[in-house]
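Engineer: Pasting a structure below so you can have a look.
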Amino acid sequence: MIERHAPVKPLVERLVVVGLGLIGGSFAKGLRARGVCREVVGVDLDAQSRRLAVELGVVDRCEEALATACQGADVIMLAVPILAMERVLGELAKLDLGDAILTDAGSAKGNVVRAADAVFGGVPARFVPGHPIAGSEQSGVEAANGELFKRHKVILTPLAQTDALALQRVDQLWRELGADVEHMQVEHHDQVLAATSHLPHLLAFGLVDSLAKRNENLEIFRYAAGGFRDFTRIAGSDPVMWHDIFLANREAVLRTLDVFRDDLDALRDAVDAGDGHHLLGVFTRARVAREHFSKILARRAYVDAMHSNDLIFLANPGGKVAGRIRVPGDKSISHRSIMLGSLAEGTTEVEGFLEGEDALATLQAFRDMGVVIEGPHHGRVTIHGVGLHGLKPPPGPIYVGNSGTSMRLLSGLLAGQPFDVTMTGDASLSKRPMNRVANPLREMGAVVETGPDGRPPLTIRGGSKLKALTYTLPMASAQVKSCLLLAGLYAEGVTTVTEPAPTRDHTERMLRGFGYAVQSNGPVASLQAGGKLTATRIEVPADISSAAFFLVAASIAEGSDLLLEHVGINPTRIGVIEILRLMGGDITLENQREVGGEPVADLRVRGAKLKGIEIPEELVPLAIDEFPVLFVAAVCAEGRTVLRGAEELRVKESDRIQVMADGLTSLGVKVEPTADGIIIDGGQSIGGGEVHSHGDHRIAMAFSVASLRATAPIRIHDCANVATSFPNFLALAEQVGIRVAVEGKQ
Ligand code: S3P
């Protein structure tokens, strides 16, 4: 525990806490213990509580009468039951409170604000309504706990007229107690709480009572297992307090309850009709929502521990790599498996699916559009396809996080739907260019709206009649090619796309795997609308883009010998192998075979003496995602490496030319970034230091690999997005001998 000393000048001279139950008592006790108030005065009607409050050190003194307690108060906290608020506010309105700040801890805000308005004849500017989201099944001043609010949310709901200094002061008091304070509108607060707290309590109380009533001897509870206990834990809460809350937050509770009743009726009908599809849909969606929720909680705890959002990898220098690993499934193929599986007729089984945030964003998008998808569980996903015309409007905007592939490919597909959809992304994706898909889609007749400068969010209006397009891509981009081919599934005529250089052809291959004819002739791919997709089985090979980090790691570390199993070696993806071989890398392909239309092999890589090369431009699109780590290889090589024709690197998850150049410079390596590439003189020593990934997963992993040849530790900032493509990177890196871990967790 950190020792806290009383500040020289206390924040508050006199704090008055009215109501010394669990919440009021904990607030008083916590602030008193932290020495932020000269005096803490309690008010309680119950004599026993008043005595205990002083004995237990909750307050300095305690009064029965509000008027006596409030004399000279700076801050008055109302922590009385919600239905008593109006009466207490009414008494306060009769007193001369001077400049005292008034705040409360009621669980519903609308009724407290209305009461203040009524009794004061307008809500006072120095009233700051608030609600700490904390509590327990315990109650009373004996349960007061000064640490109760630590890492809990406190919502303040200031009004337009609320005094800024008063708000700041209340905010500060809660922060002193370790709370995480947020501000929200009154109505929003009440609606959110009705859904996340009040409705569950109503259901728990209701269910236990309903069962208990029908089984008076309570015999059935003997058979109740953990599920019942967990679900009904909150039925042990204080009945009087909850009775008050439902009366206080009536409107918001009714709104959420009515929506829930409709959903419950639909579930009832599904059970009645034997509609397993509906049940599976609800249960799979609920399960992921629940997992998402647990992750948020876990992340919050973690972030709290670190006091920041910055996930730092600490990569210690030296080592070599050895062993045998399988990196996760291919990201591009995983995205496409969900998209085509959803639009197919029948049930598609996927194995080896990448459970990274990007592919999961695509999966969630289709769940949002009504597709029932089971899993992923150990890379297995079962997709209950709805056919090309079976998607439903999502309940709100589709959030695709960091994933450019999701946004660009989906835009093509969505252009063919009868409903409107808006897609949004995280800060990095929100800076990436979308006109490359929006413009040709508009030429096909789609209505596509973008944010300023063609950046996300993207809104695609439904119901447009698409006509086929013959289009020559201005840049080598598989995402744009795929977007247009997917739109072509819905466009009248033959859609033809010509690419300036070969790019990954997973969309074409997978469409054929689903029985859809796609013509490919050199740089030209075309398809005709009007066909259908038939469900199939997909085995996703390991991602060569993830394997690339280990190909370079083993190449640059003397004495390394590593086997990477089952890696996809589609000819449109093997640029990294070809470039490393040109540099003198020792990579052999073993056990070559084909799975589900994609070639795979085990890659054996050993340490080698690399030399610098001029990277052939035709290899650039075939290694586009691998350049960050290839730059590391170039630094470790003898002689100069020159990359040209790679301006696309500037519009990836970060500007990969600049961000890598900056990072290398921080490590004492001189490089020369150019408009479309970089010049790296190899053989320079890599020092230690701080580098920033700018939220780009591949930059974070590239610098982790660089540590093998560094002379001192490298701290890599902003690494959380490694989870987008390679969630178990650190575990595999450690397993083979790269000394990288989350800082503080070594
Ligand atoms: C991808 C294509 C590439 C690549 C991205 C995945 C795909 O993007 O960088 O990681 O799955 O089609 P571009 O099409 O922008 O080159």
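Each residue, glycine too, has its Cβ placed from N, Cα and C.
Annotations in TrEMBL come from automatic prediction, not curation.
Predicted, not measured: the structure shown is a model, and the values here were computed from it.
Residues or ranges marked as active site, proton acceptor in TrEMBL: Asp625. Summarising the annotation, TrEMBL assigns phosphoenolpyruvate binding site to Lys331, Gly404, Arg432, Gln479, Arg656, Arg698. Sequence annotations record features per position, and here TrEMBL assigns 3-phosphoshikimate binding site to Lys331, Ser332, Arg336, Ser477, Gln479, Asp625, Lys652. Per TrEMBL, the feature domain 'Prephenate/arogenate dehydrogenase' maps to 13-301.
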Engineer: Just jot down the residues in the same chain as Arg698 (phosphoenolpyruvate binding site), at least 6 apart in sequence, with C-beta under 8 A of its C-beta; none if empty.
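Structural biologist: Non-local contacts for Arg698 (phosphoenolpyruvate binding site): Ser545, Asp625, Pro628, Val629, Lys652, Glu653, Arg656, Ser725.
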Engineer: Enumerate in sequence order the binding-site residues Arg336, Arg432, Arg656, Arg698 whose Cβ-atom distance to ligand 1 is under 6 angstroms.
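Structural biologist: Close enough to ligand 1 is none of the binding-site residues.
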Engineer: Round to the nearest Å and give the CA-to-CA distance linking Gln479 (phosphoenolpyruvate binding site) with Ser332 (3-phosphoshikimate binding site).
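Structural biologist: Rounded to a whole number, the Cα-Cα distance is 9 Å.
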Engineer: Within 10 Å of the Cβ of Gln479 (phosphoenolpyruvate binding site), how many other Cβ atoms are there?
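Structural biologist: Here the count is 23.
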Engineer: For Lys331 (phosphoenolpyruvate binding site) and Ser477 (3-phosphoshikimate binding site), determine the Cα separation and express it in whole Å.
Structural biologist: 16
Engineer: Using C-alpha atoms only, work out the spacing between Gly404 (phosphoenolpyruvate binding site) and Ser332 (3-phosphoshikimate binding site) and round it to an integer in Å.
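Structural biologist: Between the alpha carbons of Gly404 (phosphoenolpyruvate binding site) and Ser332 (3-phosphoshikimate binding site) there are 11 Å.
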Engineer: Just checking, which of Lys331, Lys652 (binding-site residues) has the fewest C-beta atoms within 10 Å of its C-beta?
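Structural biologist: Relative to the other binding-site residues in Lys331, Lys652, Lys652 has the fewest Cβ atoms within 10 Å.
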Engineer: What is the interatomic distance between the Cα atoms of Arg336 (3-phosphoshikimate binding site) and Arg432 (phosphoenolpyruvate binding site), given in whole Å?
Structural biologist: 21
Engineer: Quick one: pull the CA-CA distance for Arg432 (phosphoenolpyruvate binding site) versus Ser477 (3-phosphoshikimate binding site), whole Å only.
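Structural biologist: Pair distance, Cα basis, whole Å: 14 Å.
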Engineer: Restricting to the chain of Ser332 (3-phosphoshikimate binding site) and a gap of 6 or more, list residues whose Cβ falls under 8 Å of its Cβ, or answer none.
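Structural biologist: Non-local contacts for Ser332 (3-phosphoshikimate binding site): Thr405, Ala478, Arg504, His506, Asp543.
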Engineer: Within the domain 'Prephenate/arogenate dehydrogenase' (13-301), what mean pLDDT does the predicted structure show?
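Structural biologist: A mean pLDDT of 92 is what the predicted model shows over the domain 'Prephenate/arogenate dehydrogenase' (13-301).
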Engineer: Once near-sequence residues are set aside, which residues in the chain of Ser477 (3-phosphoshikimate binding site), 6 or more away, have Cβ atoms under 8 Å from its Cβ?
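Structural biologist: Same-chain residues close to Ser477 (3-phosphoshikimate binding site) (Cβ under 8 Å, separated by 6 or more) are Arg436, Glu499, Thr503, Glu648.
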Engineer: Which of these binding-site residues has the least crowded Cβ, counting other Cβ atoms within 10 Å: Arg336, Arg432, Arg656?
Structural biologist: Arg432
